[in-house]
């Protein structure tokens, strides 16, 4: 029985050591996930696959740090794209029937996002 316990502990240790580490969300991921939204937000196309991107981002941003990163990236994008309809950006969560804990706006304080 003692040998079985040692083997079980060894197997568990190996699983912990080789388990993939969770990577933090990056602005590149946020941008690529929401790329289908750009034509819609610039009044150049339909909503299309945008909601799938919004829901995908919501699924990727599981931690407070990830949500703050996503917020910062969205805030930066909202400020840098000329011609972006900020009203559409702010209403995107409700349009796509998702709950994002912050407003997509250049004025959002991302440090307060939980």
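Going from the start of the chain as shown, residues are counted 1 onward.
From the backbone N, Cα and C atoms, a Cβ is placed for every residue, glycine too.
Taken straight from Swiss-Prot:
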type: SIGNAL; residues: 1-23; note: signal peptide
type: DISULFID; residues: 27-73; note: disulfide bond
type: DISULFID; residues: 37-50; note: disulfide bond
type: DISULFID; residues: 51-96; note: disulfide bond
type: DISULFID; residues: 71-110; note: disulfide bond
Same-chain residues at least 6 apart in sequence whose Cβ lies under 8 Å from residue 51 (disulfide bond) = 95, 96, 97, 98
Inquiry  = Which secondary structure state does DSSP assign to residue 96 (disulfide bond), in the simple three-class scheme?
reply    = coil
Note = Across all protein chains shown, the one of the disulfide-bonded residues 37, 50, 73, 96 with the most other Cβ atoms within 10 Å of its Cβ is 37
Ask   = Who sits close to residue 71 (disulfide bond): which same-chain residues at least 6 apart have their Cβ under 8 Å from its Cβ?
value = 102, 108, 110, 113
Task = Using C-alpha atoms only, work out the spacing between residue 37 (disulfide bond) and residue 73 (disulfide bond) and round it to an integer in Å.
result = 14
Ask   = So how many other Cβ atoms are close to residue 110 (disulfide bond), meaning within 10 Å of its Cβ?
value = 16
Task = Can you check which residues sit near residue 27 (disulfide bond), meaning Cβ under 8 Å from its Cβ, same chain, 6 or more apart in sequence, and list them in order?
result = 69, 72, 73, 76
Remark   = DSSP, reduced to three states, assigns residue 50 (disulfide bond) to helix
